[in-house]
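Peer 1: Relevant sequence annotations retrieved from TrEMBL are reproduced here:
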type   : residues : note
REPEAT : 119-153  : repeat 'PPR'
DOMAIN : 119-215  : domain 'Pentatricopeptide repeat-containing protein-mitochondrial'
REPEAT : 190-225  : repeat 'PPR'
REPEAT : 226-260  : repeat 'PPR'
REPEAT : 261-295  : repeat 'PPR'
REPEAT : 296-330  : repeat 'PPR'
REPEAT : 331-365  : repeat 'PPR'
REPEAT : 366-400  : repeat 'PPR'
REPEAT : 401-435  : repeat 'PPR'
REPEAT : 436-470  : repeat 'PPR'
REPEAT : 471-505  : repeat 'PPR'
REPEAT : 576-610  : repeat 'PPR'
REPEAT : 611-645  : repeat 'PPR'
Amino acid sequence: MLTSLLPPPTVPVVSKLSASASPKTAKPTRLAALSASASALAVAPAATSDDAPPGGGRLSALIRSLCAAGRTAEAARALSAAGGSAGVVAYNAMVSGYCRAGQLASARRLAASVPVPPNAYTYFPVVRALCARGRIADALAVLDEMRRRGCAPIPPMYHVVLEAACRGGGGFLSAVRVLQDLHARGCALDVGNCNLVLNAVCDQGSVDEALRLLRDLLPSLGCQPDVVSYNAVLKGLCMAKRWGRVQDLMEEMVTVGCPPNIVTFNTLIGYLCRNGLFERVHEVLAQMADHGCTPDIRMYATILDGICKEGHLEVAHEILDRMPSYGLKPNVVCYNTVLKGLCSAERWEQAEELLAEMFDKDCPLDDVTFNILVDFFCQNGLVYRVIELLEQMLEHGCIPDVITYTTVINGFCKEGLIDEAVMLLKSMAACGCKPNTISYTIVLKGLCSAERWVDAEDLMSQMIQQGCSPNPVTFNTVINFLCKKGLVEQAIELLKQMLLNGCSPDLISYSTVIDGLGKAGKMDEALELLNVMVNKGMSPNTIIYSSIASALSREGRINRVIQMFDNIQDTTIRSDAVLYNAVISSLCKRGETDRAIEFLAYMVSSGCMPNESTYTILIRGLASEGFVKEAQETLIELCSKGALRKHLMKHFGIV
C-alpha cells in the first residue's frame, strides 16, 4: 500500500474535524511578508602607510572614476604623473580598470611591472578576466608569476580558476587536471574547491569518475570528503538511476563517520518520487529515523507532488490528514499540490472539499491556489465563475497577477467571448496589473478569429502606445489572419511595421506572406519577397519552396520551378519529397497529369526518390482525368512491387 510510505506517528494523532463541517465564515487573510534585501559590498583591503601615502586614496578614486567612464588612457596618464607617490592601491585600481575595459594585455603588463610590492588584489582582476575568457593555462601562469614576486595567491583565486575549468569545453577531465595542477603548485586547496569539481563531474553524468575522485583523488590532495561531497555523488547516482550504488554509498558515509543529513534524504526522496518508486520512499523514511533525521515540510511536499503526478490522489489526501500526527502542519504548498492534482483529474467536488478543509485548518489561500482554480475553470469553460473567483482573491488579500488575468482572457477567447476578453484586458491596468505581450497576442488572435480586423488593428496600436512591444508571434498571428482572408497587401504593410517597431520578421513571417501572395496569384511579388529574405541572410525552408513551387505550377510555369529547384543549394531540401509532391499535386489539379509524370522523371533524376504520397497523388490525378483503368493498373503494379501498401487498393475501390 502506498499509505505505508508514512512512518509511525511520533506524537498523538490530532482528532480530525468532520469532513462535512462548513468553512469558517471569517476567512483568513494573508499577512504581507516583508523581505529585507542586503547589498553585497566588495571591501578592498585597507591601505597602510607603506602603500598609500597622503593623496593615494584620492588618486585611486580618480583612476577608478576615469576607468568606469571608459577613459583608461587618461587614468594611465594620471597614474604615470603621480610617479613614486602612487601606492599599490592606485596600481590595483588601474589593473582592474584595464580588465573591465577588456584591455587584458595592458592589465597583464602593468601587473607584471608595478614598481611597488604587489599584493593578491593586483593580480586577482587579471586571473578573473582570463578565466572569463576560458584561458585557464594563462591564469595558472599568473599564479606562478605571483609566487616569483613573493606574492601568495589567495583561496578565492582557486575557486575562480576551478569554476572556469568546470564551465570549459574540455569536460570533467579538464577540471580534474586543473585541480591537480593547483595542488602541484602548492596551492592550499580545501574541500569546497574539490566539491566544486565534484559537482561539475556529476552534472556531466560521469558518476564513476566522481566516485573515483571522492575515494582516491580528494584524499591525495589533502582534502577529506564531507557530507556535501557525498551528497553531490549521491545526486549523480540518482540522476544515473543507479539505486544499488546509492545504498552502497550511504553505508560508506556511515562507515567513514560522515552520516547522511536532511539534504541527503531530500535528494533521495525527490529522485524516487520523480521515478514513481514510492515503495522505496518507505525504506528511505525508515533510514531517516535510524540516522536521527526527521522529515521536514519540504520532503512531504515532494512526496505529495510525486504521488499526485502518479494519480494516487486518495493516498495524497490521506498523507495530508496524517501529517499533524508526525508533528507537521500541512502548509499551503502541500495543499496546492493536492488541489492541482484534483483539478487536473477533473475531480471538482473533492477539490471544493479540500478548499473547505484549508479554511477549516486555518491555512490561508495564496496566489498559487487561486491560479490553479482559475486555470481549472477556464479549461472547463466555466469562465463566468472565474469573475467571482477574482473578487474572492481580493477578499483573501491575494492580488491577481498577469498570469491570472492572461489565463482568464485566454478562457474568454476560447469560449468566443471576445468582447469580455477585450474589456478585461483594458481593465487590467486599472487593477494595477500591466498586460504583457502574451495577453495582447491572445486577444489579437481572438479578434482575428472573429474577423474583427479593425478592432485588431486598433488594439495593436494601443499595445504599442502602452509601451508593450509586439513580438514576432504577435505580428505573425495577425499576418496569418490577413493572408487567409486574401488581404495580402495589408499583410505586407504589417511586415514593414515589424521593422519599424524593432521586431525582425522570422521564417514564419516570410513564409506566411509568400504563401499568401502565391495563392493570390502575385507570384512576381512573392519571388521578390523571397529575394529580400535571402538578402537578409535567411535561408528559405521546404515550406517556403513548396509554397512557391505550388503557386508557379498553378500558373503553368514549370520551367521556372525547375530553375528554382536547380538553384537550391541545400541538399536536405533538394532531397525532400514534400517539395516535389507539391508541384505534382498542383499539376494534377490543373488536369496536367502527363506533365506531372514528366516531372516525376525530373524528381528521380535530381536524386529524390518518390514516396507513397507521390504515387497516391498521381493515381488520383489519372482517375480524375478519366483514366480509371490506367490508375487501377498502376496501383496494382506499385502494390505488387511494395511501393504502396496493399490496403490502398481497397481504399481506391480495387479488391
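Each Cβ is built from the backbone N, Cα and C atoms, and glycine gets one as well.
Given the structure is predicted, the values throughout are model-derived calculations rather than measurements.
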Peer 1: Let me spell it out: take the repeat 'PPR' (611-645), skip the flanking residues so only those 6+ beyond its ends count, and list any with a Cβ under 8 Å from a Cβ in it.
Peer 2: 577, 580-581, 584-585, 587-589, 591, 593, 596-597, 600, 603, 652, 654
Peer 1: Let's see if you can do this one: DSSP helix, strand and coil counts over the repeat 'PPR' (576-610), in that order.
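Peer 2: Split by secondary structure, the repeat 'PPR' (576-610) comes out as 26 helix, 0 strand, 9 coil.
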Peer 1: Per-residue pLDDT averaged over the repeat 'PPR' (190-225) comes to what?
Peer 2: 84
Peer 1: Using a Cβ-Cβ cut-off of under 8 Å, list the residues of the same chain that are 6+ residues beyond the ends of the repeat 'PPR' (471-505) and lie near it.
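Peer 2: Residues 437, 440-441, 444-445, 448-449, 451, 453, 456, 460, 463-464, 512-513, 515-517, 519-520, 522, 525, 529 contact the repeat 'PPR' (471-505) from elsewhere in the chain.
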